[in-house]
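Reading through the structure tokens given below for one structure.
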């Protein structure tokens, strides 16, 4: 392997940045995980594995993830078919707005869901209006499921919609000629493409739900509805039982590593390789049309009512003006607007360094090493950020932290958390540029910044801006790292919102949630502007 560095077409400018990033990842994760395993090695393992509480944690962690995933896929399938077969005004905008769930902070969504499904929410108010005694119950398993469905139904629907669009129109025309309708049509024409997409979609959503932290922490409502991830947080912050936290972190690491391996194996892709600009389908029957309309109406209410509730609550808050005199809000806003761009820039820089090395190795026909480089950047998907943060907490617990130290730790954690998504966005453009322009640049002697500015910038400009904006949005709403390291003097908007919700300061929480929603809405518009520009440039 070391002979690679003597290859005539592999210069230090190609690998220096990538080697530095990989070394940093190894040291960062190695130090954090070694502190966890060192403390976990002192435990009496047999006693713990017969512990009823631990067994309940593992069972509930997998159980809630399984239930959330099955429901997300089921409703996602229904929504995908309704979106595909029912033409309506504003469909393009609805499809874009479905992506809003990806950039909305979990705590903002939770605030909106409480306002709809809580004991004093919209649905309870409507029930009382019609003389019903129904009371909403958002805490516990029901609340966890509702929040997971909010985030994952749009994701599943978009993936299954791509599958429906990939069916050749000739197959649909042939099915119409053979009079295949109803379940026969679904079974013979649609199910084969759904089946290809089901396993990768299932593994992705299951992993997202299994590693869900903020949703379970806020809506769990008690020890009965606790997962391994939230148990780590509680063991550190509430009990200060570090050996117990280390055990939970080790188990979470092992489970996530297995899930990450499975998710990587069943990677999301259009497996039939077909893409159709000509979409044809036979018009559904009236009963099916009505069903599709009902599905769309229910989904629109489910998706937009929490967002609308946040806006109304923020604008009608009695503290809308006075809250701006609160120094805590300005401190949280200042830290959030400092952490987010630095984390996004760091994620972008590390991703570019890895991609420059990866694409050069692929060009030199070292495909396995090239893929290893990319997987190194995706490692955060296998090691949850809370496990990493807990390892750093153990490693540095004897140090007297200043706010600057905490700031740097959170920036690095958020950057590593965003890097897999940045890598996914930039991987194809960077590798395509290598394939298309490498020989041309070599023949003309164009290298370094000159190559980047004259040759690559045109195709990379839109995806780079898109990746930066997405990293910014993800870091802005990230709560995991700062949940462990935050305090009254070092806080962020999500951290402040969590404290306000915990102290039942709903009027203040409404304004904080509104600010976060506004910031994420601006970033969402920015993301889609450059995403559309990227699509046009292809």
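Placement of Cβ uses the backbone N, Cα and C atoms for every residue, glycine included.
When the ranges 120-140, 141-161 are checked against Swiss-Prot, the one recorded as transmembrane segment is 141-161. Cross-referencing 445-465, 466-486 with Swiss-Prot places the feature transmembrane segment at 466-486. Between the transmembrane segment (466-486) and the transmembrane segment (97-117), the number of CB pairs under 8 angstroms, six or more residues apart, is three or more, so the stretches are in contact. Within the same chain, the transmembrane segment (293-313) packs against the transmembrane segment (97-117): three or more Cβ pairs sit under 8 Å, each pair at least 6 residues apart. With a cut-off of 8 Å on Cβ pairs spaced 6 or more residues apart, the transmembrane segment (202-222) and the transmembrane segment (97-117) reach 3 or more such pairs and are scored as touching. Within the chain, the transmembrane segment (376-396) has long-range Cβ neighbours (under 8 A, six or more residues past its boundaries) at 21-22, 25, 28-29, 31-36, 39, 207, 211, 213, 229, 232-233, 236, 242, 245-246, 249, 252-253, 256-257, 259-261, 263-264, 350-351, 354, 409, 413, 416-417, 419-420, 423, 478, 480-481, 483-485.
The stretches the transmembrane segment (19-39) and the transmembrane segment (242-262) are in mutual contact, each linked to the other by at least three Cβ pairs under 8 Å (pairs 6 or more apart in sequence). Counting only same-chain residues 6+ beyond the ends of the transmembrane segment (406-426), those with a CB under 8 A from a CB of the stretch are 25, 28, 335, 338-340, 342-344, 346-348, 350-352, 354-355, 374, 377-378, 380-381, 385, 388-389, 392, 460, 463-464, 466-468, 470-471, 474-475, 478, 480-482, 485-487, 490, 492.
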